[in-house]
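Copied from Swiss-Prot, the annotated features are:
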DOMAIN    104-287  domain 'ATP-grasp'
BINDING   K141, E178, Y179, D187, R211, S212, N213  ATP binding site
BINDING   D248, E260  Mn(2+) 1 binding site
BINDING   D248, E260  Mg(2+) 1 binding site
BINDING   E260, N262  Mn(2+) 2 binding site
BINDING   E260, N262  Mg(2+) 2 binding site
Amino acid sequence: MHIAIMSRNKNLYSTSRLKEAAEARGHVIKIVDPLKCYMNINMNAPSIHVRGEELPKFDAVIPRIGASVTFYGTAVLRQFEMMGTHPLNESVAITRSRDKLRSLQLLSRKNIGLPVTGFASKPADIPDLLDMVGGAPCVIKLLEGTQGIGVVLAETRKAAESVIEAFMGLKANIMVQEYIAEAGGADIRCFVIGDKVIAAMKRQALPGEFRSNLHRGGSASIVKLTPEERSTALRAAKTMGLNVAGVDILRSKHGPLVMEVNSSPGLEGIEKATGIDVAEKIIQFIEKNVKSTSSKTKGVG
């Protein structure tokens, strides 16, 4: 097959591993920087161009779209879809999962475990908002943040009020969540492909830090999932309509709670922690599913 990988940097671990795994299985790979693409949108022969050249027809496309280029990246992916290229994850599913508030609303509708979350636009609502999530300590998150950036643990009510007021003063969209103390600064990344959790790792924050993201110095180790955790991860990915997803779960006294569903999960941490060839499993999934070029939107909302 001819497969395009949408990525801004061919040297990134995930991009290079996917290319390596696909070529090892006999496929022809082209890495396409979505920001270098421009589109001809018409009713007869829609096309994508880079530097004056029209891109050839691809059988499948693997989107590795960073959060900062979601708008343009998903526009390019939609164009691939219009041209009949099979997407690993569909543009509508990626857009859905990138909206943190919308994704939590969709998950709650499916009765999937979540931390209690509050959202408001007016400073006058802050006291009631904090009461909703159980007071301090609480977690305040920028809706546009990634990799733990824009996430604040407010340990006192006064600190929470000050941080929320500051963010609101900057016209930033934020949500406030209950702090799950029993998680102990750890979360679980479940790597979902299709209808299976093919790998899972526990990410532990550094001492004195509550964000367990590996980009923030957290450590990763292999973990055994409970049946409920496995089921929660699969249901969360399905609700978003994602074929491949990284589902982040906290272990709480109320059972597993979903923090986020990532449409472009990194491969380095999970492959090194578990020893599983995740890249090859993604390519195998494409091989089994690319026969149907009709793009069907999964999930609701």
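Note: Cβ is positioned from N, Cα and C throughout, glycine not excepted.
Mapped onto this structure are the features recorded in Swiss-Prot.
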residue : record                : Cβ contacts under 8 Å, 6 or more apart
K141    : ATP binding site      : K100, G150, V151, V152, I174, M175, V176, Q177
E178    : ATP binding site      : P115, V116, T117, V133, G134, C138, V139
Y179    : ATP binding site      : G134, A136, P137, C138, V139, L153
D248    : Mn(2+) 1 binding site : D187, I188, R189, C190, V258, M259, E260, V261, N262
Including all protein chains displayed, how many Cβ atoms other than that of D187 (ATP binding site) lie within 10 Å of its Cβ? 24
Taking every residue in the domain 'ATP-grasp' (104-287), the average pLDDT works out to 92
Row E260 (Mn(2+) 1 binding site), column other C-beta within 10 angstroms, all chains, value 19
